Amino acid sequence: MYADLLNALPNVFAWTNFAAVIIGVIAGIVVGAMPGLSATMAISVLVPFTFGLEPLVALGLMAGIYNGAMYGGAIPAVLLRIPGTPAAVATTFDGYPMAQKGEGGFALQVAVVSSALGGIASAFALMLLAPPLSRVTLLFGPSEVFWVAVFGLASIIFLLGGNPIKGLISACFGVFVSVIGSDPIYGNDRFTFGQLEMLDGINIVILLVGLYALPPVIDLLETPLKTDGVNSSKLGTESIWKALPRMKGFGMTWLRGSFIGIWIGILPGAGGSMAAFMSYNEARRTSKTPETWGEGEPEGVAAAEVANNADTASALIPALTLGIPGTAVAAVMLGGLLVHGLQPGPMLFRDNPDIVFGFMWQFLFGAILLVLLGGSLATNSFARLLNLPRPLLGSVIIVLMLIGVYSIHGRMFDVYLMLGFGAIGWVMDRLKFPLPPVVLGLILGGFAEENLRLALRIGRGDPMVLFQNTTSLILVALTIAVIVGPTLKKRFVDGRKKA
Amino acid sequence: MKKTLTALIALGLSATVALADYPEKPVEVIVGYSAGGGTDIMARTVAQFLEQELGDGASVVVKNMPGAGGQIGFTEVATAAPDGYTLGTFNLPAALALTHDREADYDVNSYTYLANFVEDPNTITVAASSPFQTLGELLEAAQADPGAITVGLSSLGGNDHFSANMMQAASGAEFTLVPFKGASNARTAIMGGHVAAGTMTLGQTTSFPDELRVLAVLADERSPFRPDVPTAKELGFDVQMSSLRGIVAPAGMDPALADQLRAALSAVNENPEFQAMMAEQGNPIAFMLGEDFAATAAKQDGVAANIWEETPWK
């Protein structure tokens, strides 16, 4: 198998194949940086055009776009507090405060280096461990996946912010949104008001754009017309080689974030945003100075960005070996493979090793190229764009949002839906309700419901089915540890102080 | 007599004249699913070859209108003008099954059936590590302890579900049906041993020869892809179910235009290059034209209506 890996390498360096990766990364960064445009969309638009292309050219473009977009999402997240992609929500926590302090340039450099490292780690996991890791995926049936969702919800309690009641209300709103649409088992309509467009539920991108992009844009429009860009004039960009030494303390965070990202990637359904949230939380929990987090801690940006790129290639492990995509992007990529007659499954590795392993190499090179392309070229040019007068910038972003949301399914209904969520988001923002719990509630709520109901069906209604195997029990133990751990630790520390 | 003949000829001529102009503008093929899915890829492959067959620089454009399990796209086709400029992909039994379990603005009679391209028969499949070696053993276990055998489906109200239902009716066994989100999730649950068996289509099993054991194919005849697997009929259970993908147009189309399109689609099917592309994409071709296609649709609609009446799934 490793011989196949090496044999696939020369072909990757054919200039067309390599150029495809470069173009893909650049396109991905641009797409990721625009609120509303996501990697999923870019790749699904691309798939039909890849009919006539050589497989590795098509796949190289996709690998590049995927890697680029996961970093591109960080650019507006840092500079404007608008996550360009769902996975970049956690990047806003510390990235935006850094930009406000005039460290936006450094934040973007941390993001690009972390993204590249996460992507590289993930590509190695895909190249070296795909078959054994796919066996891990098989261990996760509905009851295990249900516990993963519960664990995810429990481990991000910190997202509730300073006011837990408001945080819980936000989370409940997210879970409520996850309920909209036809129910996952019987297909009964819930809260659709007879609208066919709502039967499939609320697309995460629509919610995200409305909730996250509209309130800051309204802020931008409210700002009196001044010609100096507030953030970007103080971007503080310096050479990436000068910035690197300042990141030398991030080793553990990068390692942990990569591990979390890879692990979340191989589980079906959760995706980059959950990986970024969990990595951020773990890094903050183990930090010596947790109080600086959320105030512009560069390590927070590193934690979020390393994890959301570390799930890219690993999400393809179950996709390539089992045909189940770990993320929406992986699902579209499967379509891209299908166009070229590449059916996922173990046979793929036997019948088309040059293409599968070539694709994996392209992932690796895509991640490495991020440092070069994202670091200098894209970061600088995007920062210039943000030099525009703020109301003008706001109008440009609104147009991008509308186009992005419209193009998901090609219908105006989604645009109105987005504007509705935008109004809700603006009110929540003004009333200081935290927004991240909404996103997580939507992602994990639906995930938990579907798998709980499947598990109970398998167990013929007996809830004991949820505790019947080792994997489930380990996850239950982890969940309990996450919930009571901090309290116990605090007691222990206090007790020692008294003694 | 002479007059009628002239009139007929004139009519024929005028028809040919009218059709000679077709297509004057791009022909849209509506796909009720997202770009990059199996149906979308079939539509794009057909579109590419249909352009050549229609000739004269004709342009055939695929338009994705995903949502509501394909319903948005199916409705769009059914309510479009039957002028030959709106065609659509049609998935059976899904497209008609959903007219029974929810409100839909179309039914089996809303279409001009042009041609079916793909037919993928359902199967009864277990994991390779499963203790059940034959269909008989599996059904015996399901009869001995009703509900103990869990069967993974891609959804309720689709061909997987109907297969399981028809198998229950034919054998008297009782399964616990577990509808996953999509065929690949169901397949993974079978491979991981989380459910005992599944009814996925044969096409879904082909990439996993060492991981899955196909116990029976729910077709009239053995599949040329797996001649070693018996049909359920051979084993004493007269059950047939499959997933079909074809091209339809809105009902009420000018018969001459419909025939022109059918001829073009037949020519597409006969193109060896097209056959090679479909085979590469893992699509088992079962070409059916006009009447045959319409009859199959009506039959599948009947099955769905029956099952909905006897055991409504929601």
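Cβ coordinates come from backbone N, Cα and C, glycine included.
Curation does not apply to TrEMBL; its annotations are automatic.
In TrEMBL this protein carries:
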type	residues	note
TRANSMEM	A:12-33	transmembrane segment
DOMAIN	A:19-440	domain 'DUF112'
TRANSMEM	A:45-66	transmembrane segment
TRANSMEM	A:106-129	transmembrane segment
TRANSMEM	A:136-161	transmembrane segment
TRANSMEM	A:167-186	transmembrane segment
TRANSMEM	A:254-278	transmembrane segment
TRANSMEM	A:315-339	transmembrane segment
TRANSMEM	A:359-379	transmembrane segment
TRANSMEM	A:391-409	transmembrane segment
TRANSMEM	A:466-488	transmembrane segment
- Message: Which sequence-distant residues neighbour the transmembrane segment (A:315-339)? Criterion: at least 6 residues beyond either end, Cβ under 8 Å.
- Response: 38-40, 43-44, 46-47, 50-51, 58-59, 62, 66, 125-126, 129-131, 133-134, 137-138, 264-272, 345-346, 348-349, 356, 363
- Averaging the pLDDT values of the domain 'DUF112' (A:19-440) gives 83
- Message: As a test: from A:12-33, A:254-278, A:391-409, pick the stretch that has the greatest number of Cβ pairs under 8 Å with the transmembrane segment (A:106-129).
- Response: A:254-278
- Query: Is the transmembrane segment (A:254-278) packed against any residues at least 6 beyond its ends, judged by a Cβ distance under 8 Å, and which are they?
  - Reply: 70, 85-91, 114, 117-118, 121-122, 125, 133-134, 136-137, 140, 145, 148-149, 152, 155-156, 159, 286, 302-315, 317-318, 324-328, 436, 439-440, 443-444, 447
- Message: For the transmembrane segment (A:12-33), give me same-chain residues lying six or more residues beyond its boundaries with a C-beta closer than 8 angstroms to one of its C-beta atoms, as numbers and ranges.
- Response: 39, 41-42, 54, 56-58, 60-76, 84-85, 88, 358, 361-362, 365-366, 369-370, 373-374, 377-378, 382
- By Cβ distance under 8 Å, which residues at least 6 away from the ends of the transmembrane segment (A:391-409) in the same chain are close to it? 34-38, 41, 45, 76, 80, 82, 197, 203, 205-206, 209, 213-214, 217-218, 220-221, 223, 225, 229, 385, 415, 418
